[in-house]
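Trainee: According to Swiss-Prot:
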ACT_SITE  D334  active site, proton acceptor
BINDING   G192, R256, C257, G286, D287, G288, S289  ATP binding site
BINDING   D287  Mg(2+) binding site
BINDING   S332, I333, D334, M376, G377, R378, E433, H467, V468, Q469, R470  beta-D-fructose 6-phosphate 2 binding site
BINDING   R369, R461  beta-D-fructose 6-phosphate 1 binding site
BINDING   R644, T702, I703, S704, N705, N706, Q747, G748, G749, H839, V840, Q841, Q842, R920  beta-D-fructose 2,6-bisphosphate 2 binding site
BINDING   K833  beta-D-fructose 2,6-bisphosphate 1 binding site
REGION    1-559  region 'N-terminal catalytic PFK domain 1'
REGION    560-573  region 'Interdomain linker'
REGION    574-946  region 'C-terminal regulatory PFK domain 2'
Amino acid sequence: MISIVNGTSTLSLVAGSVETLNQAINFYTNILGLSVHSEQNDWTYLSNDDNKMIVKIQLDTKSGLSLDQVNDRRTEIIAKLNVTDWRSLDTTSVLKVQNLVALIETLTTFNYTLQITPNELYPNEVYCVGPIGYIIGFTACDEPLTLVPPLQKSHPKPGLVSNLMSKSGSQSRNIEETKAVRRNIAVMTSGGDSQGMNAAVRAVVRATIFHGSKAFAVQEGYAGLVKGGPEYIKEMKWQDVRGFLSEGGTNIGTARCMEFKERWGRLKGCKNLIDAGIDGLIVCGGDGSLTGADLFRHEWPSLIQELKDKGEITNEQFERHKHLYICGMVGSIDNDMAMTDATIGGYSALERICRAIDYIDATANSHSRAFVVEVMGRHCGWLALMAGIATSADYIFIPEKPASSKDWQDQMCDIVGKHRAQGKRKTIVIVAEGAITSDLKPITSDEVKDVLVDRLGLDTRITVLGHVQRGGTAVAFDRTLATLQGVEAVKAILELTPDVPSPLIAIDENKICRRPLVEAVRITKSVASAIEAKDFEKAMSLRDHEFKEHLANFMAMNTANHEKPTLPREKRKKIAIINIGAPAGGMNSAVYAMATYCMSRGHTPYAIHNGFAGLSRHESVKSIEWIDIEGWNSIGGSEIGTNRQTPEETDIGMIAHYFEKYQFDGLIIVGGFEAFVSLEQLERSRAMYPSFRIPMVLIPATISNNVPGTEYSLGADTCLNSLMEYCDIVKQSASATRGTAFIIDVQGGNSGYIATFASLISGAQASYVPEEGISLQQLEMDINSLREAFAVEQGMTKSGKLIIKSSNASKVLTPHTLADIFNDECHGDFDTKTAIPGHVQQGGLPSPIDRSRGDRFAIRAVQFIEDHCDVLAPYRYELDFPIDDKKILNTAAVLGIKSSRLRFTSIRHLFDFETELGRRMPKTIYWNTIRDISDQLVGRTRLDKP
């Protein structure tokens, strides 16, 4: 039933021609369901069924608009679709309808352009240009002024490509959200491409739509901004970015643009953004691209004033676009931006380098050859440094730490020669493309090769990786980073005010944060300036702390027992390392780093093989020799063996006996929750067993990431990369067969970490985790969501769907049971299958992140033991042991990342106050916000837990 919102019963209209009159009659009868009541002279009367509403249309060629005038007016109004609220353009008539969603679908079928508020999924009002040139609106509201409009959720039909978006039940829409700031936001990729840019574009587009704003993409970087028009500044719909997550490069294009460096080019860009109605611009690129973006914002007031003075924009446009809001995301494989730990694409490029060197290792070892590997990095040696750490390279050349023209040859030959003398068959030297001597002379790969051949007589080859480093899909970390930063960038644009400087979205350890864009770019550029000025100490000081820490670690590990130890003999210790729990990527890296760092310091490293069971039953203790662990950094699993038994489950007294026999001064445990429990048992037994009165550190290593005291565990990244590749392949199969969804069962115990992040990086339609369980109501909503999604994407490519289920989310609803339920309840709209990756999730070769973090954590653990030995030494054999002394308690700790810091936390505090022992979980988890974002970006509604 249709009526007028303000309560009046009659609507009077004027048609300027017979054609427009007939169009109006067809509109009100065929679309709105009115019927022709009568015709008198030039008047036509239409009414609804109970005659409570009358529409009178008069044919008047003088006062009404002709067909051409109607078309011109329609074109003029539609041009302002993304710029102006149509309600402000003219007096509008608003009709009340019972089913607004159905009317929207009907109007769309008849090719009417609609302006919908607040958005297409939850429409309150919809406006279109009627057949005789009037703006007409429709609503489900009973009153013209209402504080709580009735929200009807859209259910898309086949062929109706809608801007699907949804919000989790925990963040359901309310009246406050409808008052939020809405801005038209454009995203642009610029400069060199990097893996993860597509994930960033997808996140920006969908987060923008989710917040009720309009999303745009600037094609071809700044070149597209200068050229402008709908071809280069294109409105993006929800479905336009499907499949972006698994694709490398940038699908919206990038180009270097000299025109934008000139003011006239930026003036054209300003005009084009205003024409498109853009309020905010998110730029993903390197320091040059971000510098241009900030300059653009700085000049914006003068640019828009110039356009107004020239008459190229109206006063209304000038007032509407007085301010441009800009936010930066760093897309660069060099990872050379200051004030952020990682850039989008950096770890993907590092993965390509490490994978290539892993392959090269095999042939180098076979022929006892040396390989010189050239990697990218003109002014930043991050790729070369991290690759050197992750692959145990013999030598690296980076621009931040040059040597004199002769010194580098002597240093390299000295280290490589000693490695060869120790029995190493292969040699890997990594050269950053920007490597230089202290007098700024470039060091080329050919020069390095010649030195290795002439001075050491090594059969040497050169491998230049080139653009292979940019290619391929993004790794799990870069997909996560790009997605979270894209969502944060949209929030930043919506929250910015004219007096707030442009932000740069950064990451600090494990936390997404905002930094001043101008300051970050300034520091980044000053590094290159310092190098050019030969001020290498300043250049190194401008790098972040983690870079300097990694460089110091590499130099220490690289010398190992080949140089004089750095500690005096009286301070050298015996330090043991043991693996507990299931194998995880990075365990071997931790053993390698611990052993080599101990050797460089003068300590004696020991490996306890096969866990505490191996120690108590077989006395499986062995000192570590350098040549025995050569290459372990790149090997998956656990070379020293591992099992799940804790000290109390084996024989804690026998373990104490062997600790005393070997006179261990420190212990490093690498493992998951069993390792956590083991450390607690050892710490609790100190009063009874003096041999446990030594510093002890746990390095969390488990794919479940369920160890209290840390937000990241070794092995989790390797697991996510393996699972990501698996999901991409399964999704490809689902897309190829059309109308297919796969339920993928993943590990993780009682932790939903793996399922949550796998859902985020694969674009899964839903994920089920133990923390929430699976309710029938949620299943029903997810099935309906899948039906809607398949309806919208009917006939489209890249339309395969995934559902991620953690094994312990439900013991009753197994993957096969879930698949049967989905197939039965979907009424044939799609087909559901299962896929179970099993132990494939543990991964093969550890990822570069797990390798480098394993090294970093192990060295920090050794340093912790060095720092705390003196605390326990006075009490080693005292009968009255102060077990509750805080200093004593702090000598048994978990090393972890929490928020944005690397920290040691007492095992006693964690065990007593932050652990759910029965569930083998920490009491608080940090990835709930990740779940919300993952659901938002696929349009899933998640119910609150009761």
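Heads up, the Cβ atoms here are built off N, Cα and C, so glycines get one too.
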Trainee: Quick check on the binding-site residues: of S289, S332, N705, Q842, whose CB has the lowest count of neighbouring CB atoms inside 10 Å?
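Mentor: Each of the binding-site residues S289, S332, N705, Q842 was scored; lowest Cβ tally within 10 Å is Q842.
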Trainee: Using DSSP, what is the helix/strand/coil residue split across the region 'Interdomain linker' (560-573)?
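Mentor: Here the numbers are 6 helix, 0 strand, 8 coil.
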Trainee: Between the Cα atoms of R461 (beta-D-fructose 6-phosphate 1 binding site) and E433 (beta-D-fructose 6-phosphate 2 binding site), find the distance and write it as a whole number of Å.
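Mentor: If we compare the Cα positions of R461 (beta-D-fructose 6-phosphate 1 binding site) and E433 (beta-D-fructose 6-phosphate 2 binding site), the gap is 17 Å.
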Trainee: Can you check how the pLDDT averages out over the region 'Interdomain linker' (560-573)?
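Mentor: That region's mean pLDDT is 89.
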Trainee: When you measure from the Cβ of E433 (beta-D-fructose 6-phosphate 2 binding site), how many other Cβ atoms are you left with inside 10 Å?
Mentor: 23
Trainee: Sort out the sequence-distant neighbours of G192 (ATP binding site) for me: same chain, 6+ apart, CB within less than 8 Å of its CB, listed by position.
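Mentor: Spatial neighbours, sequence-distant, of G192 (ATP binding site): T254, G285, G286, S332, I333, R470.
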Trainee: With N705 (beta-D-fructose 2,6-bisphosphate 2 binding site) as the reference Cα, tell me which of the recorded positions R256, C257, D334, G377, V468 is the closest one.
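Mentor: Closest by Cα: D334.
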Trainee: What is the separation, in Å, between the Cα atoms of G749 (beta-D-fructose 2,6-bisphosphate 2 binding site) and R369 (beta-D-fructose 6-phosphate 1 binding site)?
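Mentor: It is 45 Å, counting Cα to Cα.
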Trainee: With a 10 Å radius around each C-beta, find which of these binding-site residues (G288, G377) has the fewest other C-beta atoms nearby.
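Mentor: Least crowded of the binding-site residues G288, G377, by Cβ count within 10 Å, is G288.
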Trainee: Going by Cα-Cα distance, pick out whichever of the binding-site residues R369, G377, E433, R644, K833 is nearest to C257 (ATP binding site).
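Mentor: Out of the listed candidates, the nearest Cα belongs to G377.
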Trainee: For the beta-D-fructose 6-phosphate 2 binding site, please report the maximum Cα-Cα distance among S332, I333, D334, M376, G377, R378, E433, H467, V468, Q469, R470 in Å.
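Mentor: Those residues reach a largest Cα separation of 16 Å.
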Trainee: How many whole Å apart are the CA atoms of R256 (ATP binding site) and V840 (beta-D-fructose 2,6-bisphosphate 2 binding site)?
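Mentor: Counting only the Cα atoms, the answer is 42 Å.
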Trainee: Take the Cβ of V468 (beta-D-fructose 6-phosphate 2 binding site) and count every other Cβ within 10 Å, whichever protein chain it belongs to.
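Mentor: Around V468 (beta-D-fructose 6-phosphate 2 binding site), other Cβ atoms within 10 Å: 16.
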Trainee: Out of G288, G377, E433, K833, V840, point to the one nearest R369 (beta-D-fructose 6-phosphate 1 binding site) in space (Cα versus Cα); all of them are binding-site residues in the record.
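Mentor: That would be E433, nearest by Cα distance.
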Trainee: If you draw a 10 Å sphere on the Cβ of R256 (ATP binding site), how many other Cβ atoms land inside?
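Mentor: There are 14 of them.
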